[in-house]
Amino acid sequence: MKISILSLFPELYETWINHSIISNAIKNNQVTIEIINFRLYTNDKHKKVDDYQYGGGAGMVLMIEPIVSAIRAIRTPNSYVILTTPKGQVFNQELANEFVSKYDHIIIIAGHYEGFDERINYYVDAQYSIGDFVLTGGELPSMVISDAVIRLLDGVISSSSLESESFNNYLLDYPVYTRPVVFEGHQVPDVLLSGHHKNIADFRKQQQEMITKKNRPDLYQKYLNSKK
């Protein structure tokens with residue numbers, strides 16, 4: 001898979017790309033990541049990428065020309081182009097799985113300032129948000145979306161780890177423990193020390209159901225519906 005991110009601040013991605021699982025995935029040729037500064041695609045001699053909004057209002061708006069030029073320079077017939085914006089559909093694990101199964105090249109546009117000229121929607125395939133809150137720019141959302149997708153690629157993470165993670169089958173992950181057995185009076189549940197695999201599996205499933213029902217009743221209802 002190839003992921004292209006259009007951003008005004010490419011340097012913000014350096015640590016994310018060069019460490020841990022993402023770095024290993026790049027080294028193992030499981031994913032290619034390119035960060036493109038769309039400021040390079042402006043025809044303005046001052047490299048201007050934003051301007052005042054028509055009708056008045058606070059904040060500067062990203063101009064459409066440099067972004068569209070950047071998209072056209074890298075887009076192929078198989079590319080899926082998405083915009084990060086609080087106005088978009090909320091990105092989730094189901095969409096991450098869908099991206100992996102359907103697309104070989106994802107282009108993510110990370111915005112800044114007051115947002116995009118609305119006409120950008122004629123040149124993208126979808127808009128996505130990572131939650132009901134507003135951030136300074138689209139760099140973090142673009143990393144979040146990319147990270148969620150990359151870790152699902154074959155071989156990036158072991159299949160057993162993926163199977164037990166939160167949101168698999170609409171359930172949040174079960175609690176995990178390590179040494180010491182007792183810390184300041186708080187003890188690891190006895191069942192996890194028993195060595196009885198079925199009892200451990202049952203305990204973990206019960207914990208998943210309980211935690212999901214308490215913290216994410218919306219997901220818990222989906223889980224119940226999936227069992228019908």
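The backbone N, Cα and C atoms fix where each Cβ goes, glycine too.
The Cβ neighbour count for Val134 (S-adenosyl-L-methionine binding site), using a 10 Å radius and every protein chain shown, is 8. Marked as S-adenosyl-L-methionine binding site by Swiss-Prot on the basis of sequence analysis: Gly111, Ile130, Gly131, Asp132, Phe133, Val134, Leu135.
A 10 Å cutoff on Cβ-Cβ distances gives Ile130 (S-adenosyl-L-methionine binding site) a total of 20 other Cβ atoms nearby, all chains included. Set side by side, the binding-site residues Gly111, Gly131 differ in how many other CB atoms lie within 10 angstroms of their CB, and the most is found at Gly111. Take the CB of Asp132 (S-adenosyl-L-methionine binding site) and look out to 10 A: across all protein chains shown you find 7 other CB atoms. Of all Cβ atoms in the protein chains displayed, 7 besides its own lie within 10 Å of the Cβ of Phe133 (S-adenosyl-L-methionine binding site).
Within the same chain, residues at least 6 positions away in sequence whose Cβ sits under 8 Å from that of Leu135 (S-adenosyl-L-methionine binding site) are Pro141.
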